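Database features (Swiss-Prot):
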- 1-18: signal peptide (SIGNAL)
- 19-679: topological domain 'Extracellular' (TOPO_DOM)
- Asn42: N-linked glycosylation site (CARBOHYD)
- 51-74: repeat 'LRR 1' (REPEAT)
- 75-97: repeat 'LRR 2' (REPEAT)
- 98-123: repeat 'LRR 3' (REPEAT)
- 125-144: repeat 'LRR 4' (REPEAT)
- 145-168: repeat 'LRR 5' (REPEAT)
- 174-197: repeat 'LRR 6' (REPEAT)
- Asn176: N-linked glycosylation site (CARBOHYD)
- 203-226: repeat 'LRR 7' (REPEAT)
- 228-251: repeat 'LRR 8' (REPEAT)
- 253-276: repeat 'LRR 9' (REPEAT)
- 277-300: repeat 'LRR 10' (REPEAT)
- Asn289: N-linked glycosylation site (CARBOHYD)
- Asn379: N-linked glycosylation site (CARBOHYD)
- 389-517: region 'Disordered' (REGION)
- 430-454: compositional bias 'Polar residues' (COMPBIAS)
- Asn442: N-linked glycosylation site (CARBOHYD)
- 490-514: compositional bias 'Polar residues' (COMPBIAS)
- 579-679: domain 'Fibronectin type-III' (DOMAIN)
- Asn622: N-linked glycosylation site (CARBOHYD)
- 680-700: transmembrane segment (TRANSMEM)
- 701-740: topological domain 'Cytoplasmic' (TOPO_DOM)
Amino acid sequence: MRQTLPLLLLTVLRPSWADPPQEKVPLFRVTQQGPWGSSGSNATDSPCEGLPAADATALTLANRNLERLPGCLPRTLRSLDASHNLLRALSTSELGHLEQLQVLTLRHNRIAALRWGPGGPAGLHTLDLSYNQLAALPPCTGPALSSLRALALAGNPLRALQPRAFACFPALQLLNLSCTALGRGAQGGIAEAAFAGEDGAPLVTLEVLDLSGTFLERVESGWIRDLPKLTSLYLRKMPRLTTLEGDIFKMTPNLQQLDCQDSPALASVATHIFQDTPHLQVLLFQNCNLSSFPPWTLDSSQVLSINLFGNPLTCSCDLSWLLTDAKRTVLSRAADTMCAPAAGSSGPFSASLSLSQLPGVCQSDQSTTLGASHPPCFNRSTYAQGTTVAPSAAPATRPAGDQQSVSKAPNVGSRTIAAWPHSDAREGTAPSTTNSVAGHSNSSVFPRAASTTRTQHRGEHAPELVLEPDISAASTPLASKLLGPFPTSWDRSISSPQPGQRTHATPQAPNPSLSEGEIPVLLLDDYSEEEEGRKEEVGTPHQDVPCDYHPCKHLQTPCAELQRRWRCRCPGLSGEDTIPDPPRLQGVTETTDTSALVHWCAPNSVVHGYQIRYSAEGWAGNQSVVGVIYATARQHPLYGLSPGTTYRVCVLAANRAGLSQPRSSGWRSPCAAFTTKPSFALLLSGLCAASGLLLASTVVLSACLCRRGQTLGLQRCDTHLVAYKNPAFDDYPLGLQTVS
């Protein structure tokens, strides 16, 4: 019996040894329960298979056909991307074990149910749920995600926002509701208190709101009043938006950017609504349906950039205010923005014009009209010396306190009239007088023909009056009525001398005597070369001058800000709704055993920040991510590296559209490899060990040599004791016999 049992065991085990190796069948399979207690869960392979080590900080699970998030995710995760999967529901309590999670991206899933509530990640600041199947948002019962700053719901079939829909997020700063179904249907839209907090107070933290691609017909003051800190409002590609009017911006004084481009139904903008936005900097209305764009009171000290390209504008001098004061307003693509004449119009607006031509056309038309309607104001005796007008036709002057820092100001009185046709000039009040009718009768000779005409008049011993620098010109009531609250740079040359002003004449003739009640108008050269040089010194650079911008300079001011400040030219940049190009990684310097400094160059794209991803060679799954880096940075240190290790590092650019995609090759590759130096501690330990070994070897060798030397000394002493004399010869002396 004892011999039979081993034989049976050998017989049973023999096929497993002889057959080829087969796939191992696990003894246990891991099963996972549904997210909200689903009982119909089949046994599946472990979802944790292939996940990185427990200390990973960033993980991408895109395109894995996941129906739920794995429950064995590393607790150290800070960024999780599970886009393009089959997720159907999300509950914040499921993510409670990810205490360090900050960014969660779940774009392009099938999420149709949300549950806000306590127990979610306390540090989560970015949640992207774009392009899912959310038809409604769950009610907020408390501050579920108190640290959430950015929420993206773009592309969801949301039809309405209920009151206090975002009260769960008291720190929310950016909300993307673009391409949703808001406004579609009878009950669709935004409720009156949709952006109110838990206690009904305004959502004071929200700064950026994107409603592009929705079906809203208008912006209602009932819901926008709860956004007092709003700085950017995006209303792009809205097919039903028809008008902007009312007191919609009364409670949003911090608004800086309004983007309504590509909204084809937008036909009316009551521009006076912008009087409540003193910090306004950008207005984008390209490719809308606007026919006019009247001025309003500009109280802002910022330079306002306006884009009206692609609108069916009607030619009128009412639009010339956009080009009057380049220090206050900048019209983008003025040469490409066209206006068409009104039906049945004649005169200067008989054909289509670009808006850049309006000032010259309006100036020529106003000069001719005023010259024909006011001939009694010009008498020959005074005209040769300086044009004078009666008090009823007093020239427009600059407001009191406005300083002029050029020696010769351009004489553009007629241009001032053309720039403000909405003033009392249309009501019969005589505006500022023009110079010479002959000099301005034809706009085709502007400006040199006008200068020639004035030169001929000055040849008749007319004194040339020149304003000294830093002259303060006080305003008259008529000038204030004409200009209203819009100070302009064109009216600097037309001023009435005040007691504080200094004037001097050329030596050819004395100052002309003025009749009582007359006000002098100074005739100066228009656009002389000397004047242009001085303008360039005291004014802002020309638009054709490239900006002082280098894409690789650390802490480089963004080119858009340089352009607003200096009126210079920036390189072409892709929009903020386009995924940015990858940065160009310059290299890695200052490499030590545990740190390195990464350098890169900015791409030709709008960038809101950068991100650095790096991993040790052979450990691509265990990738570390450096959070959002400021857009002005061009270098960033990496710490906590392992000594003597080769790393692969990539720099990514980020904007509203997402992160740039790294290129595998090319001179603009955003990735590079570098190796850290060996540890100094290990090197010192090795040197110490080698030194100790050498010392020990030296001691042992010395001991061996000493011992051997002693042995040789004893042997030499024994040799000296040996007698070489045979004692036998002492008793028997040797006798030498002589052979005869």
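Cβ atoms here come from the backbone N, Cα and C positions, even for glycine.
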Could you give me the DSSP helix, strand and coil counts for the domain 'Fibronectin type-III' (579-679)?
0 helix, 49 strand, 52 coil
Just to be sure I understand, if DSSP states are collapsed into helix, strand and coil, how many residues of the repeat 'LRR 6' (174-197) fall in each?
0 helix, 6 strand, 18 coil
Could you tell me what the rest of the chain brings near the repeat 'LRR 1' (51-74), counting residues at least six beyond its ends with Cβ under 8 Å?
32, 34-35, 80-88, 94-95, 97-98, 100, 613, 621-625
Distal contacts, the repeat 'LRR 2' (75-97) - CB-CB under 8 A, six or more residues away
35-36, 54-69, 103-121, 124, 129, 144-145, 625, 627
Taking the Cβ of Asn622 (N-linked glycosylation site) as the centre, count every other Cβ atom within 10 Å, in any protein chain shown.
17
Long-range neighbours of the repeat 'LRR 7' (203-226), counting only residues six or more past its ends (CB under 8 A):
149, 154, 166, 170-184, 188-197, 232-252, 259, 656
According to DSSP, which of helix, strand or coil covers Asn289 (N-linked glycosylation site)?
coil
Mind checking which residues of the chain, 6+ beyond the ends of the repeat 'LRR 5' (145-168), have their Cβ under 8 Å from one of its Cβ atoms?
92, 107, 116, 120-137, 139, 174-182, 184-185, 187-198, 200, 203, 205-206, 210
